[in-house]
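Asker: Quick one: this structure, given as structure tokens, is what I'll be asking you about.
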Amino acid sequence: MNLRPRKPKPKEEDLYEQAIVVWKPKSTRKPKSSKKRKAKDESKSLITSSTSTSTSTSSVSIIENNEEEAIVVSKPKPQSRKRKAKDESENLIASSSSSPVSIIQNEVKLVVRKSLIKSKRKSKKTEKMEVDTDESVCLEMDSEEENEDDKIVIKGEVLNFKPVKNVQRKGKSRSSKSSNLKKKLKRTVLDSECRLYGEPILDVEAWQRWPHRYVEKVNKDKYAASTSSKTKNENDEEEEDLIVKRHYKQAKLYDIIYDLGDDVFVQGDNGSEDYIGRIVEFFETTDKRAFFTARWFFRAEDTVISKSNASLVDKKRLFYSDYKNDNPLDCITSKINIVKVLPNVDLVAKKETIPSNCDFYYDMEYSESYSTFSNLKPVSSEPSLSVTSNTVSDIARSKSEKTEKSNMKLLDLYAGCGGMSTGLCLGAAVSGVNLTPSWAVDFNRFACQSLRENHPTSQVRNETAENFLMVLKEWLKLCMKYSLLGTKRLEAQHSLVINDKEDEGDDDAPTPSDVFEVEKLLEITYGDPNKKNEIGLYFKVRWKGYGPEDDTWEPLTGLMECPERVQEFVTRGYHESILPLPGDVDVICGGPPCQGISGFNRFRNKAEPLKDEKNHQVVVFMDIVEFLKPRYVLMENVVDLLKFSKGFLGRYAIGRLVSLDYQARLGLMAAGGYGIPQFRMRVFLWGALPTEVLPAYPLPTHQVVKRGVVPLEFERNTVAHDTADHQLHLKSAVILSDAIMDLPPVTNDESRDQIPYGNTPETDLQKYLRCSKQKLMGINASEASSPVLYDHLPYKLNQDDFDRVCRVPKRKGANFRDLGGLVFGNNNKVELDPSVERDLLNSGKPVVCLLTSV
């Protein structure tokens, strides 16, 4: 992001061709000896006489010794009396070895030699400084010692001279011009209406508040020499190291007083919108330039959300940051009013706390590391709700013992067979948190069957995420209708799932010829379960006197004659939490499918990705988060989420979380870095309520063979160790053989569901894979002496295909091409080789058969 103001152009009145220079010594220097005074008088006489009688001097350099400063005078090369002026200068230098004046032909330079503690450095470090000159040249020395600062006076006006090198401003990259090109002079402040104001801050206070700006007096010159080179800031842009002379509390620009802590607009870059910053320093440098330090605010478009999704966030909302840099004083354009408010997921209540007369407001911080939006850091003794680390290293558990031991409920969206939720629950158990998958949603009925087997206590729903969201909204209305919200939930004694054999043998059951009577309501759904294109809210009805095979889905409007049955169902469902209400869910996890971003999709909509129905599930996922308001959110997806259409969908997802006042963090993690035998890079988006600690990413534990490319713009989102940590020792990368080499061989006729391993594990991964669920969850349970291997079955082939497979050599990349008798022509076309006799199987059929279209 560009955060530097542009460099204002110098005004013509500040440029001079020649100069009249008055030199004054500092009042702080010690009294000179008589010899030095004499030398100075001689120097003064020389300059006065040479300027009044002739303009033959082509250049003058005044070199500062340990107690004297220097001034440069530049003027055009004269056409006459050149030699005479030079001879007079040489005679003066020869007569007084302490004279600070030396005459150099062809060019006029000012060389300020820093007084170094070590004498061997005296002749090494110099800083060249230039001033422009006016038309008529008249040099005179003023020996008054009462004035505190040296000045250069040009026709009665004060000219602050500047060093040759430029100050780099935020967002402006330094050009790579040749060093022999003449650089533009830098002005302190072009406009006399812009200046530091008031008395300087006392040295003791300044050193306490900004210790990084000052060094011990005995090392000051050494520090100046060591900082003569340029450094680079956080954005890899070159910065000039400014040597601060003193700090101020105020500045005055065009009759407006600015104080430390004021929020201001700062001049934008190349006509762009002004930047927004908070003034944290006013200071003057040793070369008399006025600067301020700004701590920057980010607009939404300046963050990872970018302009493409900035409309998700209030235009008046800003994000504070730790990014700071120095800028010339006259880059400030105006004061603004920015207020701090508390984040609140109740956006209506939050809006009421924002003053109507403010220009902007802020409630979070932003960091480019992992694109993190987090709670503001506490001031002084305020308690912190945020965590400063982005990754898990030795982060102390911030939750209380009560929270650690409490039960947390998880909703798994797009659950599949429950792999993501199972992994989260196992990880939570290691951390001492009892996280249970209370609800799961998936459209695939076979996946839902597996979920019910693995998580028998979960409410598994076989429906689309859109319909799940609609039934949640209808469920909330029903709970409100029967005044259940806010009441204490009772321990459920019976499950709502009716046993198929229940009520069998009921003597009072009516015959089918009687009037149908609703016995119980079993389930609730939203959609079109009867496939009649009639979408709405439906209940599954168990009819009195009938079995489960006669259960039907009936709309709510068809149950108006039995409101007591509806109320009974809703009441029992509320106490058993068959559906989550806002505030019930602690964690929502899921990986919304985005086939529209897949590289295999040749018809991807790059211009408007959200208009593609295949990408709409990201919107649905965030809509469910907005409705249920869980404490934590974890969304997983492929890296193409950040590659496709400049990362539009990834930016949208984090923008939605931030718009809901969630803290958020975006990271890229490779499964291979955690002991898995594949690279498998994935995007993980964390979200957390303002009242919670934003979770950090675990650092890799294993080396990994890198595959694929991380988008350049999201390189800082890759979860990895600091490359500067040379003491880091990671475990060796896990490869495929580490996972499967302990598996026993099987034949084509193997039919057993359970078989013993038959050998001992050889790697850590093999030992882990043999652990029982109880051991993984940290539950003390008796382990079987020999672990059992489940479902180690091959796909059974017919005898001919089995014979063909046996002929394929056991080496990497081997396939049907190794069977022989084939010719590969242009465009990879495969044909039978007529020159080779066809090889036959035991059945008499050829080994290779080519399928041809009819």
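Placement of Cβ uses the backbone N, Cα and C atoms for every residue, glycine included.
Remember, it's a predicted structure, so these values are computed and weren't measured experimentally.
Residues or ranges marked as active site in TrEMBL: Cys594. The feature compositional bias 'Basic residues' is assigned by TrEMBL to 26-38. Per TrEMBL, the feature compositional bias 'Low complexity' maps to 45-64. TrEMBL lists 132-146 with the feature compositional bias 'Acidic residues'. Summarising the annotation, TrEMBL assigns domain 'BAH' to 256-377. Residues or ranges marked as domain 'Chromo' by TrEMBL: 516-569.
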Asker: Mind giving me a neighbour count for Cys594 (active site)? Other Cβ atoms within 10 Å of its Cβ, every protein chain shown.
Answerer: 21
Asker: Taking helix as H, G and I and strand as E and B in DSSP, count the residues of the domain 'BAH' (256-377) in helix, strand and coil.
Answerer: 21 helix, 60 strand, 41 coil
Asker: How does the domain 'Chromo' (516-569) divide up by DSSP, counting helix, then strand, then coil residues?
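Answerer: Per-class counts: 14 helix, 22 strand, 18 coil.
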Asker: Average pLDDT across the domain 'Chromo' (516-569)?
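Answerer: A mean pLDDT of 94 is what the model gives the domain 'Chromo' (516-569).
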